[in-house]
Amino acid sequence: MTPEETGTGTATETDVGTGGGDTDAAVVAAALAAAATADATVAATAGADRRPTAELTAADRRHDRRLLRGELVVLLLIALILLGLMAVGGLPWPF
Amino acid sequence: MSALLHLLAVLVVLLGALPLLVAVLQFLLIGFQRFRHLYEDRGEAYLPRVAVLVPAWNEAAVLPGSVAGLLALEYPPDRLRVHVVDDASTDETPSVMAELVRRHPGRVVHLRREHGGQGKAHTLNHGLARVLADDWAEAVLIMDADVVFDRDALRRMTRHLADPQVGAVTAYIKEGSGRRGNYLTRYIGYEYITAQAAARRAQNVLGAVACLAGGAQLHSRANLEDLGGRIDTDTLAEDTVTTFETQLAGRRVVFDGYATVLAEEPGDLAGLWKQRLRWARGNLQVTRRYRHVWFRGRSAEGRHRLGSWLFGLIWFTLLATPLLLTLCSGALLLLYLTAPTGAAWTLFHWLWVTNLVCYLLITLMSALVDPGTFRRCWREALVYPGLVATAILVVTALPGVFLPLLAGTGTLTVHLVMLVVYAWLALCMPVAWLAKELTGTRLRWLAPPLLHLAGYGSLLAACLVAAAFHELRHAELAWDKTEKTGKVAIGS
(Lines of atoms letter the chains of each structure in order from A and count residues from 1; the text may use other names and numbers.)
(Lines give C-alpha, C1' and ligand atoms only; values in the text may rest on other atoms or scores of the structure.)
Protein backbone atom coordinates (compact mmCIF):
# COMPACT_ATOMS: atom_id res chain seq x y z
CA MET A 1 0.00 0.00 0.00
CA THR A 2 1.16 3.50 -0.75
CA PRO A 3 1.10 6.21 1.92
CA GLU A 4 -1.89 7.71 0.16
CA GLU A 5 -3.82 4.45 0.30
CA THR A 6 -3.29 4.04 3.99
CA GLY A 7 -4.63 7.51 4.50
CA THR A 8 -1.36 8.74 5.93
CA GLY A 9 -0.24 10.70 2.92
CA THR A 10 2.26 13.51 3.12
CA ALA A 11 1.21 17.07 3.74
CA THR A 12 1.62 17.75 0.03
CA GLU A 13 -0.83 15.03 -0.84
CA THR A 14 -3.58 15.85 1.58
CA ASP A 15 -3.15 19.24 3.11
CA VAL A 16 -2.79 21.69 0.27
CA GLY A 17 -5.22 23.97 -1.46
CA THR A 18 -7.09 24.96 1.65
CA GLY A 19 -7.89 28.36 0.31
CA GLY A 20 -11.39 29.77 0.48
CA GLY A 21 -13.22 32.22 2.64
CA ASP A 22 -15.28 31.88 5.77
CA THR A 23 -18.35 31.03 3.71
CA ASP A 24 -16.60 28.02 2.15
CA ALA A 25 -15.37 26.91 5.55
CA ALA A 26 -18.89 27.17 6.93
CA VAL A 27 -20.27 25.12 4.04
CA VAL A 28 -17.63 22.45 4.57
CA ALA A 29 -18.20 22.40 8.32
CA ALA A 30 -21.92 21.98 7.76
CA ALA A 31 -21.30 19.22 5.21
CA LEU A 32 -18.97 17.38 7.56
CA ALA A 33 -21.49 17.70 10.38
CA ALA A 34 -24.18 16.30 8.11
CA ALA A 35 -21.86 13.45 7.16
CA ALA A 36 -21.26 12.72 10.84
CA THR A 37 -25.02 12.58 11.40
CA ALA A 38 -25.32 10.26 8.42
CA ASP A 39 -22.54 8.06 9.83
CA ALA A 40 -24.39 7.84 13.14
CA THR A 41 -27.67 7.02 11.41
CA VAL A 42 -25.99 4.34 9.35
CA ALA A 43 -24.36 2.81 12.42
CA ALA A 44 -27.67 2.79 14.26
CA THR A 45 -29.64 1.21 11.43
CA ALA A 46 -26.98 -1.09 9.97
CA GLY A 47 -28.55 -4.35 8.95
CA ALA A 48 -32.00 -3.29 10.13
CA ASP A 49 -33.65 -3.29 6.72
CA ARG A 50 -31.15 -5.23 4.71
CA ARG A 51 -32.74 -7.65 2.28
CA PRO A 52 -30.87 -10.62 0.83
CA THR A 53 -29.79 -10.18 -2.79
CA ALA A 54 -31.97 -13.11 -3.83
CA GLU A 55 -34.96 -11.31 -2.36
CA LEU A 56 -34.08 -8.12 -4.24
CA THR A 57 -33.79 -10.09 -7.46
CA ALA A 58 -37.15 -11.77 -6.89
CA ALA A 59 -38.73 -8.34 -6.26
CA ASP A 60 -37.17 -6.94 -9.45
CA ARG A 61 -38.45 -9.88 -11.47
CA ARG A 62 -41.94 -9.29 -10.08
CA HIS A 63 -41.69 -5.62 -11.00
CA ASP A 64 -40.65 -6.53 -14.55
CA ARG A 65 -43.72 -8.76 -14.82
CA ARG A 66 -45.94 -5.97 -13.47
CA LEU A 67 -44.44 -3.56 -15.99
CA LEU A 68 -45.35 -5.88 -18.87
CA ARG A 69 -48.90 -6.24 -17.57
CA GLY A 70 -49.07 -2.47 -17.06
CA GLU A 71 -47.90 -1.90 -20.62
CA LEU A 72 -50.74 -4.04 -21.93
CA VAL A 73 -53.23 -2.06 -19.83
CA VAL A 74 -51.75 1.22 -21.13
CA LEU A 75 -52.11 0.06 -24.74
CA LEU A 76 -55.70 -0.95 -24.06
CA LEU A 77 -56.36 2.44 -22.49
CA ILE A 78 -54.88 4.28 -25.47
CA ALA A 79 -57.00 2.16 -27.84
CA LEU A 80 -60.10 3.10 -25.84
CA ILE A 81 -59.17 6.79 -25.92
CA LEU A 82 -58.69 6.65 -29.69
CA LEU A 83 -62.00 4.81 -30.13
CA GLY A 84 -63.68 7.43 -27.96
CA LEU A 85 -62.22 10.26 -30.02
CA MET A 86 -63.18 8.48 -33.22
CA ALA A 87 -66.73 8.11 -31.92
CA VAL A 88 -67.01 11.88 -31.49
CA GLY A 89 -65.54 12.46 -34.94
CA GLY A 90 -62.18 13.74 -33.77
CA LEU A 91 -59.84 11.41 -35.58
CA PRO A 92 -59.27 10.65 -39.24
CA TRP A 93 -59.81 7.13 -40.60
CA PRO A 94 -58.83 4.48 -39.49
CA PHE A 95 -58.85 5.74 -35.89
CA MET B 1 -46.14 24.09 -58.22
CA SER B 2 -45.35 20.71 -59.69
CA ALA B 3 -46.93 17.51 -58.49
CA LEU B 4 -43.42 16.16 -57.92
CA LEU B 5 -42.63 18.91 -55.44
CA HIS B 6 -45.91 18.24 -53.63
CA LEU B 7 -45.09 14.55 -53.47
CA LEU B 8 -41.67 15.39 -52.06
CA ALA B 9 -43.26 17.64 -49.45
CA VAL B 10 -45.65 14.84 -48.44
CA LEU B 11 -42.71 12.45 -48.03
CA VAL B 12 -40.84 14.98 -45.91
CA VAL B 13 -43.88 15.38 -43.63
CA LEU B 14 -44.08 11.61 -43.27
CA LEU B 15 -40.38 11.59 -42.41
CA GLY B 16 -41.19 14.11 -39.68
CA ALA B 17 -43.20 11.38 -37.96
CA LEU B 18 -40.08 9.22 -37.64
CA PRO B 19 -38.98 10.55 -34.21
CA LEU B 20 -42.49 9.84 -32.91
CA LEU B 21 -42.59 6.32 -34.32
CA VAL B 22 -39.13 5.52 -32.96
CA ALA B 23 -40.17 6.80 -29.51
CA VAL B 24 -43.30 4.62 -29.63
CA LEU B 25 -41.20 1.63 -30.61
CA GLN B 26 -38.79 2.17 -27.71
CA PHE B 27 -41.58 2.44 -25.19
CA LEU B 28 -43.27 -0.66 -26.57
CA LEU B 29 -40.05 -2.59 -25.94
CA ILE B 30 -39.90 -1.69 -22.23
CA GLY B 31 -42.13 -4.50 -21.03
CA PHE B 32 -40.13 -7.09 -22.93
CA GLN B 33 -37.23 -6.74 -20.54
CA ARG B 34 -39.11 -9.36 -18.58
CA PHE B 35 -37.99 -11.92 -21.20
CA ARG B 36 -34.30 -10.91 -21.23
CA HIS B 37 -33.41 -12.92 -18.10
CA LEU B 38 -31.18 -10.17 -16.75
CA TYR B 39 -31.22 -11.58 -13.25
CA GLU B 40 -30.13 -15.17 -13.60
CA ASP B 41 -30.20 -17.00 -10.29
CA ARG B 42 -26.65 -18.12 -9.55
CA GLY B 43 -27.15 -19.18 -5.96
CA GLU B 44 -24.88 -17.18 -3.67
CA ALA B 45 -24.84 -13.39 -3.98
CA TYR B 46 -21.90 -12.14 -6.03
CA LEU B 47 -20.07 -9.50 -3.99
CA PRO B 48 -16.72 -8.73 -5.61
CA ARG B 49 -14.17 -6.41 -4.01
CA VAL B 50 -15.17 -3.00 -5.37
CA ALA B 51 -12.89 0.00 -5.68
CA VAL B 52 -14.99 3.15 -5.99
CA LEU B 53 -13.48 6.00 -7.99
CA VAL B 54 -14.82 9.47 -7.27
CA PRO B 55 -13.28 12.17 -9.48
CA ALA B 56 -13.47 15.49 -7.68
CA TRP B 57 -12.55 19.04 -8.49
CA ASN B 58 -13.61 21.60 -5.89
CA GLU B 59 -16.31 19.33 -4.51
CA ALA B 60 -15.75 20.06 -0.82
CA ALA B 61 -19.42 20.80 -0.30
CA VAL B 62 -20.64 17.46 -1.66
CA LEU B 63 -17.85 15.00 -0.80
CA PRO B 64 -18.76 14.37 2.87
CA GLY B 65 -22.30 13.42 1.91
CA SER B 66 -21.20 11.28 -1.03
CA VAL B 67 -18.57 9.40 0.96
CA ALA B 68 -20.99 8.88 3.87
CA GLY B 69 -23.53 7.54 1.40
CA LEU B 70 -20.99 5.13 -0.09
CA LEU B 71 -19.89 3.83 3.31
CA ALA B 72 -23.54 3.34 4.20
CA LEU B 73 -24.13 1.04 1.24
CA GLU B 74 -25.39 -2.42 2.08
CA TYR B 75 -22.15 -4.03 1.02
CA PRO B 76 -19.51 -5.90 3.05
CA PRO B 77 -17.24 -3.15 4.45
CA ASP B 78 -14.10 -5.19 3.80
CA ARG B 79 -15.03 -5.45 0.11
CA LEU B 80 -15.51 -1.74 -0.57
CA ARG B 81 -12.90 1.02 -0.78
CA VAL B 82 -13.62 4.60 -1.74
CA HIS B 83 -10.90 6.42 -3.71
CA VAL B 84 -11.47 10.14 -4.14
CA VAL B 85 -9.33 11.40 -7.02
CA ASP B 86 -8.79 15.06 -6.26
CA ASP B 87 -8.03 16.91 -9.49
CA ALA B 88 -5.85 19.60 -7.89
CA SER B 89 -8.82 21.20 -6.16
CA THR B 90 -8.34 24.75 -4.95
CA ASP B 91 -11.19 24.70 -2.44
CA GLU B 92 -11.45 22.88 0.89
CA THR B 93 -11.39 19.42 -0.73
CA PRO B 94 -7.95 18.39 0.66
CA SER B 95 -8.87 19.25 4.27
CA VAL B 96 -12.28 17.62 3.91
CA MET B 97 -10.62 14.50 2.55
CA ALA B 98 -8.02 14.49 5.30
CA GLU B 99 -10.85 14.46 7.84
CA LEU B 100 -12.73 11.70 6.00
CA VAL B 101 -9.59 9.57 5.70
CA ARG B 102 -8.98 10.05 9.45
CA ARG B 103 -12.53 8.98 10.27
CA HIS B 104 -12.54 5.96 7.99
CA PRO B 105 -9.00 4.54 7.89
CA GLY B 106 -8.47 1.92 5.22
CA ARG B 107 -11.91 2.52 3.69
CA VAL B 108 -11.41 5.99 2.25
CA VAL B 109 -8.38 6.89 0.15
CA HIS B 110 -7.39 10.35 -1.05
CA LEU B 111 -5.54 10.44 -4.37
CA ARG B 112 -4.46 13.91 -5.37
CA ARG B 113 -3.27 15.19 -8.74
CA GLU B 114 -1.06 18.20 -8.29
CA HIS B 115 -1.62 19.39 -11.84
CA GLY B 116 -5.23 19.08 -12.86
CA GLY B 117 -7.79 20.82 -15.01
CA GLN B 118 -7.53 18.39 -17.92
CA GLY B 119 -11.02 17.00 -17.41
CA LYS B 120 -12.80 14.08 -15.84
CA ALA B 121 -11.30 11.37 -18.05
CA HIS B 122 -7.73 12.30 -17.09
CA THR B 123 -8.71 12.38 -13.42
CA LEU B 124 -10.28 8.95 -13.70
CA ASN B 125 -7.22 7.57 -15.43
CA HIS B 126 -5.09 8.74 -12.52
CA GLY B 127 -7.34 6.77 -10.18
CA LEU B 128 -7.59 3.74 -12.47
CA ALA B 129 -3.82 3.44 -12.65
CA ARG B 130 -3.75 3.24 -8.84
CA VAL B 131 -6.61 0.80 -8.29
CA LEU B 132 -5.47 -1.54 -11.07
CA ALA B 133 -1.86 -1.46 -9.88
CA ASP B 134 -2.52 -4.22 -7.36
CA ASP B 135 -4.97 -7.11 -7.57
CA TRP B 136 -7.30 -6.08 -4.73
CA ALA B 137 -10.07 -4.65 -6.91
CA GLU B 138 -12.26 -7.20 -8.69
CA ALA B 139 -14.60 -4.47 -9.93
CA VAL B 140 -14.41 -0.69 -10.23
CA LEU B 141 -17.32 1.65 -9.65
CA ILE B 142 -16.90 4.98 -11.43
CA MET B 143 -19.17 7.69 -10.12
CA ASP B 144 -19.56 11.46 -9.76
CA ALA B 145 -18.86 13.25 -6.50
CA ASP B 146 -22.41 14.57 -6.21
CA VAL B 147 -24.36 11.32 -6.63
CA VAL B 148 -25.91 9.38 -3.77
CA PHE B 149 -26.51 5.67 -4.19
CA ASP B 150 -29.54 3.89 -2.83
CA ARG B 151 -28.27 1.57 -0.13
CA ASP B 152 -28.89 -1.61 -2.13
CA ALA B 153 -27.87 -0.13 -5.51
CA LEU B 154 -24.35 -1.56 -5.55
CA ARG B 155 -25.54 -5.07 -4.68
CA ARG B 156 -28.07 -4.82 -7.48
CA MET B 157 -25.30 -3.81 -9.87
CA THR B 158 -22.70 -6.39 -8.84
CA ARG B 159 -25.12 -9.31 -9.32
CA HIS B 160 -24.78 -8.87 -13.11
CA LEU B 161 -20.99 -9.21 -12.99
CA ALA B 162 -21.43 -12.81 -11.85
CA ASP B 163 -21.81 -13.44 -15.57
CA PRO B 164 -18.30 -13.01 -17.04
CA GLN B 165 -19.90 -11.97 -20.33
CA VAL B 166 -21.12 -8.79 -18.65
CA GLY B 167 -18.40 -6.16 -18.74
CA ALA B 168 -20.19 -3.19 -17.24
CA VAL B 169 -23.40 -2.24 -15.47
CA THR B 170 -25.02 1.14 -15.19
CA ALA B 171 -27.65 2.38 -12.76
CA TYR B 172 -30.73 4.58 -13.05
CA ILE B 173 -29.64 8.15 -12.29
CA LYS B 174 -32.56 10.08 -10.82
CA GLU B 175 -32.75 13.82 -10.40
CA GLY B 176 -32.20 14.15 -6.67
CA SER B 177 -33.26 17.59 -5.48
CA GLY B 178 -36.64 16.28 -4.35
CA ARG B 179 -38.89 18.90 -2.80
CA ARG B 180 -36.08 21.44 -2.88
CA GLY B 181 -36.10 21.45 -6.66
CA ASN B 182 -37.69 23.90 -9.07
CA TYR B 183 -39.63 23.62 -12.34
CA LEU B 184 -36.42 22.84 -14.26
CA THR B 185 -35.25 20.02 -11.98
CA ARG B 186 -38.75 18.53 -12.25
CA TYR B 187 -38.48 18.65 -16.05
CA ILE B 188 -35.11 16.90 -15.73
CA GLY B 189 -36.63 14.37 -13.33
CA TYR B 190 -39.26 13.48 -15.91
CA GLU B 191 -36.72 13.51 -18.73
CA TYR B 192 -34.64 10.96 -16.85
CA ILE B 193 -37.61 8.61 -16.51
CA THR B 194 -38.04 8.67 -20.28
CA ALA B 195 -34.39 8.84 -21.36
CA GLN B 196 -32.93 6.49 -18.76
CA ALA B 197 -35.39 4.31 -16.91
CA ALA B 198 -37.47 3.71 -20.03
CA ALA B 199 -35.12 4.07 -22.99
CA ARG B 200 -32.30 2.06 -21.43
CA ARG B 201 -34.70 -0.75 -20.56
CA ALA B 202 -35.52 -0.82 -24.27
CA GLN B 203 -31.79 -0.93 -25.01
CA ASN B 204 -31.45 -3.92 -22.67
CA VAL B 205 -34.08 -5.63 -24.81
CA LEU B 206 -32.23 -4.71 -28.02
CA GLY B 207 -28.98 -6.01 -26.53
CA ALA B 208 -27.14 -2.75 -27.28
CA VAL B 209 -26.77 -0.05 -24.64
CA ALA B 210 -25.95 3.47 -25.78
CA CYS B 211 -24.35 4.87 -22.66
CA LEU B 212 -23.13 3.93 -19.24
CA ALA B 213 -24.18 6.83 -17.05
CA GLY B 214 -21.02 8.73 -16.14
CA GLY B 215 -22.25 9.06 -12.58
CA ALA B 216 -22.74 5.36 -11.90
CA GLN B 217 -20.91 2.74 -13.93
CA LEU B 218 -19.58 -0.51 -12.55
CA HIS B 219 -16.91 -2.38 -14.53
CA SER B 220 -15.45 -5.79 -14.07
CA ARG B 221 -11.69 -5.66 -13.68
CA ALA B 222 -11.31 -7.84 -16.77
CA ASN B 223 -13.29 -5.36 -18.81
CA LEU B 224 -11.19 -2.39 -17.74
CA GLU B 225 -8.00 -4.30 -18.40
CA ASP B 226 -9.23 -5.23 -21.87
CA LEU B 227 -9.89 -1.53 -22.48
CA GLY B 228 -6.25 -0.81 -21.67
CA GLY B 229 -6.96 0.23 -18.08
CA ARG B 230 -7.84 3.75 -19.09
CA ILE B 231 -10.72 5.94 -20.16
CA ASP B 232 -10.77 7.71 -23.52
CA THR B 233 -9.57 11.31 -23.28
CA ASP B 234 -10.19 12.48 -26.85
CA THR B 235 -13.92 13.18 -26.70
CA LEU B 236 -16.43 14.95 -24.49
CA ALA B 237 -18.35 11.67 -24.14
CA GLU B 238 -15.83 9.39 -22.48
CA ASP B 239 -18.61 7.37 -20.85
CA THR B 240 -20.26 6.64 -24.20
CA VAL B 241 -16.91 5.68 -25.71
CA THR B 242 -16.31 3.28 -22.80
CA THR B 243 -19.78 1.83 -23.39
CA PHE B 244 -19.13 1.26 -27.08
CA GLU B 245 -15.63 -0.12 -26.56
CA THR B 246 -16.92 -2.59 -23.96
CA GLN B 247 -19.52 -3.94 -26.37
CA LEU B 248 -17.18 -3.92 -29.37
CA ALA B 249 -14.77 -6.03 -27.31
CA GLY B 250 -17.50 -8.63 -26.98
CA ARG B 251 -18.77 -7.93 -23.47
CA ARG B 252 -22.33 -7.03 -22.55
CA VAL B 253 -23.42 -3.80 -20.95
CA VAL B 254 -26.47 -3.93 -18.70
CA PHE B 255 -28.72 -1.17 -17.44
CA ASP B 256 -30.20 -1.99 -14.04
CA GLY B 257 -33.25 0.21 -13.61
CA TYR B 258 -33.73 -0.91 -10.01
CA ALA B 259 -30.27 0.21 -8.92
CA THR B 260 -31.07 3.85 -8.35
CA VAL B 261 -28.76 6.77 -7.78
CA LEU B 262 -29.66 10.37 -6.95
CA ALA B 263 -27.75 13.13 -8.70
CA GLU B 264 -27.77 16.88 -8.48
CA GLU B 265 -28.76 18.45 -11.78
CA PRO B 266 -28.57 22.08 -12.94
CA GLY B 267 -31.28 24.26 -11.48
CA ASP B 268 -31.03 27.00 -14.10
CA LEU B 269 -31.23 27.10 -17.87
CA ALA B 270 -27.69 28.38 -18.41
CA GLY B 271 -26.19 25.50 -16.39
CA LEU B 272 -28.41 22.97 -18.12
CA TRP B 273 -27.48 24.33 -21.55
CA LYS B 274 -23.75 24.12 -20.76
CA GLN B 275 -24.10 20.52 -19.57
CA ARG B 276 -26.25 19.38 -22.48
CA LEU B 277 -24.10 21.14 -25.06
CA ARG B 278 -21.18 19.06 -23.82
CA TRP B 279 -23.23 15.86 -23.95
CA ALA B 280 -24.60 16.61 -27.41
CA ARG B 281 -21.15 17.43 -28.79
CA GLY B 282 -19.87 14.22 -27.25
CA ASN B 283 -22.59 12.23 -28.97
CA LEU B 284 -21.76 13.82 -32.33
CA GLN B 285 -18.11 12.92 -31.80
CA VAL B 286 -19.07 9.34 -30.96
CA THR B 287 -21.25 9.17 -34.08
CA ARG B 288 -18.28 10.11 -36.23
CA ARG B 289 -15.82 7.93 -34.37
CA TYR B 290 -17.90 4.76 -34.79
CA ARG B 291 -18.94 5.35 -38.39
CA HIS B 292 -17.64 1.88 -39.22
CA VAL B 293 -20.17 0.34 -36.79
CA TRP B 294 -23.52 1.88 -37.74
CA PHE B 295 -26.04 -0.18 -39.72
CA ARG B 296 -23.63 -3.05 -40.34
CA GLY B 297 -25.92 -5.65 -38.86
CA ARG B 298 -24.62 -7.88 -36.13
CA SER B 299 -20.86 -7.99 -36.13
CA ALA B 300 -19.36 -10.89 -38.05
CA GLU B 301 -18.57 -12.75 -34.84
CA GLY B 302 -21.96 -11.96 -33.31
CA ARG B 303 -20.17 -10.21 -30.47
CA HIS B 304 -22.26 -7.06 -30.24
CA ARG B 305 -25.44 -5.48 -31.56
CA LEU B 306 -24.35 -1.88 -31.90
CA GLY B 307 -24.55 -2.28 -35.66
CA SER B 308 -28.16 -3.45 -35.67
CA TRP B 309 -30.53 -1.45 -37.84
CA LEU B 310 -32.91 -0.77 -35.00
CA PHE B 311 -30.22 0.59 -32.69
CA GLY B 312 -28.83 2.74 -35.50
CA LEU B 313 -32.30 4.01 -36.33
CA ILE B 314 -32.88 5.06 -32.71
CA TRP B 315 -29.46 6.74 -32.44
CA PHE B 316 -29.65 8.66 -35.70
CA THR B 317 -33.30 9.63 -35.36
CA LEU B 318 -32.49 11.25 -32.04
CA LEU B 319 -29.61 13.17 -33.59
CA ALA B 320 -31.60 14.17 -36.67
CA THR B 321 -34.77 15.21 -34.82
CA PRO B 322 -34.18 19.01 -35.12
CA LEU B 323 -33.51 18.67 -38.84
CA LEU B 324 -36.50 16.37 -39.43
CA LEU B 325 -38.87 18.67 -37.54
CA THR B 326 -37.62 21.76 -39.38
CA LEU B 327 -38.01 20.09 -42.76
CA CYS B 328 -41.44 18.81 -41.74
CA SER B 329 -42.61 22.31 -40.80
CA GLY B 330 -41.24 23.69 -44.07
CA ALA B 331 -43.02 21.03 -46.09
CA LEU B 332 -46.32 21.65 -44.25
CA LEU B 333 -46.06 25.39 -44.91
CA LEU B 334 -45.28 24.73 -48.57
CA LEU B 335 -48.33 22.50 -48.91
CA TYR B 336 -50.54 24.95 -47.01
CA LEU B 337 -49.53 27.86 -49.21
CA THR B 338 -49.52 26.08 -52.57
CA ALA B 339 -51.56 22.85 -52.52
CA PRO B 340 -55.21 23.42 -53.31
CA THR B 341 -57.09 20.63 -51.55
CA GLY B 342 -56.24 20.83 -47.87
CA ALA B 343 -53.43 18.30 -48.11
CA ALA B 344 -51.52 20.21 -45.45
CA TRP B 345 -54.32 19.83 -42.90
CA THR B 346 -54.81 16.11 -43.63
CA LEU B 347 -51.10 15.39 -43.16
CA PHE B 348 -50.86 17.70 -40.17
CA HIS B 349 -53.86 16.00 -38.57
CA TRP B 350 -52.29 12.54 -39.06
CA LEU B 351 -48.97 13.73 -37.75
CA TRP B 352 -50.48 15.13 -34.57
CA VAL B 353 -52.71 12.12 -33.99
CA THR B 354 -49.52 10.05 -34.13
CA ASN B 355 -48.05 12.58 -31.71
CA LEU B 356 -51.06 12.09 -29.42
CA VAL B 357 -50.51 8.32 -29.34
CA CYS B 358 -46.82 8.91 -28.62
CA TYR B 359 -47.62 11.43 -25.87
CA LEU B 360 -50.13 9.13 -24.18
CA LEU B 361 -47.84 6.11 -24.37
CA ILE B 362 -44.77 7.93 -23.04
CA THR B 363 -46.66 9.70 -20.25
CA LEU B 364 -48.54 6.64 -19.04
CA MET B 365 -45.55 4.31 -19.30
CA SER B 366 -43.37 6.80 -17.45
CA ALA B 367 -45.91 6.79 -14.62
CA LEU B 368 -45.57 3.00 -14.50
CA VAL B 369 -41.77 2.86 -14.76
CA ASP B 370 -41.06 5.30 -11.91
CA PRO B 371 -44.26 6.21 -10.06
CA GLY B 372 -42.38 8.01 -7.27
CA THR B 373 -40.64 10.50 -9.53
CA PHE B 374 -43.73 10.82 -11.71
CA ARG B 375 -45.82 11.89 -8.71
CA ARG B 376 -43.37 14.74 -8.15
CA CYS B 377 -43.13 15.74 -11.81
CA TRP B 378 -46.59 15.04 -13.20
CA ARG B 379 -47.33 18.68 -14.09
CA GLU B 380 -44.09 18.96 -16.05
CA ALA B 381 -44.88 15.59 -17.64
CA LEU B 382 -48.24 16.84 -18.90
CA VAL B 383 -46.72 19.97 -20.51
CA TYR B 384 -43.44 18.31 -21.49
CA PRO B 385 -44.05 18.90 -25.25
CA GLY B 386 -44.76 22.55 -24.40
CA LEU B 387 -48.06 24.34 -23.79
CA VAL B 388 -48.46 25.23 -27.47
CA ALA B 389 -47.86 21.65 -28.61
CA THR B 390 -50.18 20.32 -25.90
CA ALA B 391 -52.87 22.71 -27.11
CA ILE B 392 -52.34 21.54 -30.69
CA LEU B 393 -52.67 17.94 -29.46
CA VAL B 394 -56.03 18.74 -27.88
CA VAL B 395 -57.31 20.65 -30.92
CA THR B 396 -56.28 17.94 -33.39
CA ALA B 397 -57.84 15.27 -31.16
CA LEU B 398 -61.16 17.14 -31.18
CA PRO B 399 -61.18 19.25 -34.34
CA GLY B 400 -64.96 19.15 -34.50
CA VAL B 401 -65.11 21.08 -31.23
CA PHE B 402 -62.31 23.61 -31.68
CA LEU B 403 -62.08 24.33 -35.42
CA PRO B 404 -65.55 25.92 -35.64
CA LEU B 405 -64.51 28.22 -32.78
CA LEU B 406 -61.38 29.16 -34.70
CA ALA B 407 -63.35 29.69 -37.92
CA GLY B 408 -65.52 32.20 -36.08
CA THR B 409 -62.53 34.49 -35.50
CA GLY B 410 -62.23 35.53 -39.15
CA THR B 411 -60.23 34.43 -42.19
CA LEU B 412 -57.07 36.40 -41.46
CA THR B 413 -56.84 35.06 -37.90
CA VAL B 414 -57.39 31.52 -39.16
CA HIS B 415 -54.56 31.91 -41.69
CA LEU B 416 -52.19 33.36 -39.11
CA VAL B 417 -52.97 30.64 -36.57
CA MET B 418 -52.53 27.91 -39.18
CA LEU B 419 -49.19 29.36 -40.29
CA VAL B 420 -47.95 29.38 -36.70
CA VAL B 421 -49.11 25.84 -35.89
CA TYR B 422 -47.67 24.41 -39.13
CA ALA B 423 -44.38 26.15 -38.40
CA TRP B 424 -44.41 25.28 -34.69
CA LEU B 425 -42.37 22.06 -34.96
CA ALA B 426 -39.46 24.22 -36.09
CA LEU B 427 -40.40 27.45 -34.31
CA CYS B 428 -40.44 25.87 -30.85
CA MET B 429 -36.65 25.41 -30.95
CA PRO B 430 -35.67 29.11 -31.30
CA VAL B 431 -38.32 29.99 -28.70
CA ALA B 432 -36.73 27.54 -26.24
CA TRP B 433 -33.29 28.90 -27.11
CA LEU B 434 -34.59 32.43 -26.44
CA ALA B 435 -35.72 31.27 -22.98
CA LYS B 436 -32.16 30.17 -22.28
CA GLU B 437 -30.72 33.42 -23.63
CA LEU B 438 -32.98 35.51 -21.39
CA THR B 439 -31.65 33.91 -18.21
CA GLY B 440 -28.68 36.28 -18.13
CA THR B 441 -30.71 39.44 -18.74
CA ARG B 442 -33.18 41.68 -16.94
CA LEU B 443 -35.94 39.73 -18.68
CA ARG B 444 -34.97 36.49 -16.93
CA TRP B 445 -38.48 36.26 -15.47
CA LEU B 446 -39.67 35.51 -19.01
CA ALA B 447 -37.50 32.40 -19.30
CA PRO B 448 -39.73 29.90 -17.41
CA PRO B 449 -42.98 30.85 -19.20
CA LEU B 450 -41.19 30.75 -22.56
CA LEU B 451 -39.83 27.29 -21.77
CA HIS B 452 -43.27 26.10 -20.70
CA LEU B 453 -44.62 27.38 -24.02
CA ALA B 454 -41.91 25.89 -26.22
CA GLY B 455 -41.37 22.67 -24.30
CA TYR B 456 -38.36 21.16 -22.56
CA GLY B 457 -37.70 18.79 -25.46
CA SER B 458 -37.44 21.81 -27.78
CA LEU B 459 -34.65 23.17 -25.60
CA LEU B 460 -32.74 19.89 -25.94
CA ALA B 461 -33.32 19.94 -29.71
CA ALA B 462 -32.04 23.53 -29.90
CA CYS B 463 -29.01 22.47 -27.87
CA LEU B 464 -28.33 19.70 -30.39
CA VAL B 465 -28.37 22.25 -33.21
CA ALA B 466 -25.94 24.45 -31.28
CA ALA B 467 -23.72 21.42 -30.65
CA ALA B 468 -23.65 20.63 -34.37
CA PHE B 469 -22.53 24.19 -35.14
CA HIS B 470 -19.85 24.00 -32.44
CA GLU B 471 -18.56 20.76 -33.94
CA LEU B 472 -18.63 22.13 -37.49
CA ARG B 473 -16.45 25.07 -36.53
CA HIS B 474 -14.27 22.84 -34.31
CA ALA B 475 -14.92 24.93 -31.23
CA GLU B 476 -12.64 24.29 -28.29
CA LEU B 477 -13.38 21.10 -26.35
CA ALA B 478 -13.66 22.69 -22.93
CA TRP B 479 -14.58 20.60 -19.90
CA ASP B 480 -17.21 22.84 -18.29
CA LYS B 481 -17.93 21.51 -14.86
CA THR B 482 -21.53 21.84 -13.69
CA GLU B 483 -21.83 23.75 -10.43
CA LYS B 484 -22.80 21.49 -7.51
CA THR B 485 -24.16 22.61 -4.16
CA GLY B 486 -24.59 19.36 -2.28
CA LYS B 487 -28.38 19.61 -2.06
CA VAL B 488 -28.79 15.91 -2.81
CA ALA B 489 -28.61 13.91 0.36
CA ILE B 490 -29.46 10.51 1.74
CA GLY B 491 -33.17 10.20 2.13
CA SER B 492 -34.03 13.21 -0.02
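One-based numbering along the chain as shown.
Each Cβ is built from the backbone N, Cα and C atoms, and glycine gets one as well.
Automatic prediction, not curation, is the source of TrEMBL annotations.
What TrEMBL annotates here:
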| type | residues | note |
| --- | --- | --- |
| TRANSMEM | B:6-32 | transmembrane segment |
| TRANSMEM | B:306-337 | transmembrane segment |
| TRANSMEM | B:349-369 | transmembrane segment |
| TRANSMEM | B:381-406 | transmembrane segment |
| TRANSMEM | B:412-434 | transmembrane segment |
| TRANSMEM | B:446-469 | transmembrane segment |
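Here the transmembrane segment (B:381-406) touches the transmembrane segment (B:446-469). Their Cβ atoms form 3 or more pairs under 8 Å, with each pair 6 or more residues apart.
Contact between the transmembrane segment (B:412-434) and the transmembrane segment (B:349-369) is not supported, since fewer than 3 Cβ pairs fall under 8 Å when only residues 6 or more apart in sequence are counted.
Cβ atoms under 8 Å from those of the transmembrane segment (B:306-337) belong to residues 5-6, 8-10, 12-13, 15-19, 22, 25-26, 203, 206-208, 210, 244, 247-248, 283-284, 287, 290, 293-299, 343-345, 347-348, 351, 418-419, 422-427, 429, 461-462, 464-465 of the same chain, restricted to positions at least 6 beyond its ends.
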